[in-house]
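Undergrad: Quick paste from TrEMBL:
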type: REGION; residues: 1-39; note: region 'Disordered'
type: COMPBIAS; residues: 12-21; note: compositional bias 'Low complexity'
type: COMPBIAS; residues: 22-38; note: compositional bias 'Pro residues'
type: REPEAT; residues: 127-161; note: repeat 'PPR'
type: REPEAT; residues: 162-196; note: repeat 'PPR'
type: REPEAT; residues: 197-231; note: repeat 'PPR'
type: REPEAT; residues: 232-266; note: repeat 'PPR'
type: REPEAT; residues: 267-301; note: repeat 'PPR'
type: REPEAT; residues: 302-336; note: repeat 'PPR'
type: REPEAT; residues: 339-373; note: repeat 'PPR'
type: REPEAT; residues: 374-408; note: repeat 'PPR'
type: REPEAT; residues: 409-443; note: repeat 'PPR'
type: REPEAT; residues: 478-512; note: repeat 'PPR'
type: REPEAT; residues: 513-547; note: repeat 'PPR'
type: REPEAT; residues: 548-582; note: repeat 'PPR'
Amino acid sequence: MKRRPEPRLVRSLATAATSPAAPVPPPPPPPPQLPPSKLPRLAAPFVAVLLRRGRAAAASLLTRRLRAAPATEALSLISALPDVRDVSSYNAALAALCRPGRGFDLPAALALLRDMEREPHPGARPTAASYTTVMRGLCAARRAGEAVGLLRTMQASGVRPDVVTYGTLIGGLCDAAEVDAAVELLNEMCESGIEPNVVVYSCLLRGYCKSGRWQDVGKVFEEMSRRGIEPDVIMFTDLIHCLCKAGKTGKAAKVKDMMVERGLKPNVVTYNVLINSLCQEGSVREAMTLKMEMVQKGVAPDVVTYNTLISGLSGVLAMDEATGLLEEMVQGDIVVEPDATTFCSLIHGLCKMGRMFQAAKVREMMAERGFMCNLVTYNFLIHGFLRVHKVNMVTNLMNELLSSGLEPDSFTYSILINGFSKMWNVDRAEKLLCTMRQHGIKPEQAHYIPLLAAMCQQGMMERATILFNEMDKDCGLDVVAYSIMIHGASILGDTKMVKQLIKDMLEEGLTPDAVTYAIVINMFAKLNDLEEAEKVLKQMTASGFVPDVAVFDSLIKGYRAEGQIDKILELIHEMRAKDVALDPKIISTIVTSLTDEDGKLLEGLPDFTKELLQGRAAPGAHELTI
């Protein structure tokens, strides 16, 4: 098999084909190159053109190739063809290296710029565009100080910067919040006879806004006016965007009106910025009004406009209007093609409201247009169908999710486990917990708590204890987990287990909360162990917790069973002192406890008890006529 030529052969061919010239200094260490088998094939067209027509034609071909080439390929070709390259091909390679993305390689770009500075051929030495390209890359990497240093190198080399060079540096400094340094550069630019343009002032404007120096914004417009430079729509839109980001939507709207007064027409981007800010603030009605204004002014809404409004309406659950906007998009006078975001926002809002039939319809429309649901949307749909107990739909969605190449995440499993636990389908919920472990997702408290609660509510304390111990190993226990277990034991009247759990809880350094105390008090009250209930109540109040109405209800029922009217009156007095609002349930309990066999209120009750029952002592209490 014939051996492919090595890269050095390609270089020698390129050099031999040109007329004698000054010797080319040895090239610097080559950058990462393509495999030798591939490089000659890429370089061959340039060598062929070079042999036939001379250097200029090959250089032009190289430049065109480099403009679309990945950074590594650009470096390889530039290195392989020393006598073909000119400033245009060099600049194309610099652009590839400074282009944001995978090929972004500033060290290589700086090295290539230094190679250009050493080029013997004048047509290959760096120009203002060469330096500016690298400066732009440095600014994008938040290295504006180095970019300014490169300006000084450029000037020392005798290359005169232009308005684009200064504009790039001023923009980079402003993005880095170094506005004063940007102003100094602007002054230097003006002193050197280079007139700034609206782009330069727009950068300075953004810098002042980003730094919160709103008082200096007016100075920019004054300076522009003095120089006879008119702000354009883009500059005003930038200002509106900055004001909206700072939460100054009202002022941003006034800037929009100022644009109109100056004879400038706000474009769709201007309106979209304002509409988005209003929706973020929850002022969706005002955003809808602004959308009507833009239509009246002859500015057609685009998909961003509709998506922003649909998302805002879905956020406040105004789903009839949100679905109306989708209908307007596909059937209105100006058809705007919905995208995946449009459908997902609608599905999210419909799921929140439990309108699952409509959510399914929107999803069908989404599929008809070739859009796939993302994981977040699947999670919304699964949660929504679980809430209405549509298990078959949930199963279908999970199968569809997996077949589409998506993987359930921790939140997906949390939704599923919570949903099946609330349906008391603990077997399926427990199986899901095992499945997520098998897929390498470590269960957290949010996964354990619903299943633990379902087991305890159904009296499955042995299974709950096993799960409780697993939770302890996986993610640790908290007050909520202990309270659930205590509640499960209290339902069975297992005081021994309750006391042991409280002991373990305290040994772990966890402090019972109001829910824990309430569970224990209710248990003792139902067991007619009122002495223990009183002890726990004292501990609860001593810990700074105010018993809720359910605690008082349990205690009153316990004292009623023992016929201890004085204790009931003490509790009513305590409720009054703590401003505990009465609900219909406890009012019924009190009335039942304080009436005789003939249904009359017991004689000799204190006035405060009667006032409390009539709803005049506790805020929010229900009126009761005795």
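Quick reminder: no glycine exception, Cβ is built from N, Cα and C everywhere.
TrEMBL entries are annotated by machine, without manual review.
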Undergrad: For the repeat 'PPR' (127-161), what are the DSSP-based totals of helix, strand and coil residues?
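TA: For the repeat 'PPR' (127-161), the helix, strand and coil counts are 26 helix, 0 strand, 9 coil.
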Undergrad: Which bits of the chain, at least 6 residues beyond where the repeat 'PPR' (197-231) starts or stops, bring a Cβ under 8 A of a Cβ in it?
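TA: Apart from its flanks, the repeat 'PPR' (197-231) reaches 163, 166-167, 170-171, 173-175, 177-179, 182-183, 186, 189, 238-239, 242-243, 246, 262, 264.
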Undergrad: State the residues, same chain only, that lie 6 or more residues beyond the ends of the repeat 'PPR' (478-512) and have a CB under 8 A from a CB inside it; answer 'none' if no residue qualifies.
TA: 445, 448-449, 452-453, 455-457, 459, 461, 464-465, 468, 471, 519-520, 522-524, 526-527, 529, 543
Undergrad: Residues sitting near the repeat 'PPR' (409-443): Cβ under 8 Å, six or more positions beyond its termini, same chain?
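TA: For the repeat 'PPR' (409-443), the list is 375, 378-379, 382-383, 386-387, 389, 391, 394, 398, 401, 450-451, 453-455, 457-458, 460, 463, 467, 471, 474-475.
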Undergrad: Helix, strand, coil: count each for the residues of the repeat 'PPR' (162-196), based on DSSP.
TA: 26 helix, 0 strand, 9 coil
Undergrad: Would you list the DSSP helix, strand and coil counts for the residues of the repeat 'PPR' (302-336)?
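TA: Looking at the repeat 'PPR' (302-336) with DSSP, the answer is 26 helix, 0 strand, 9 coil.
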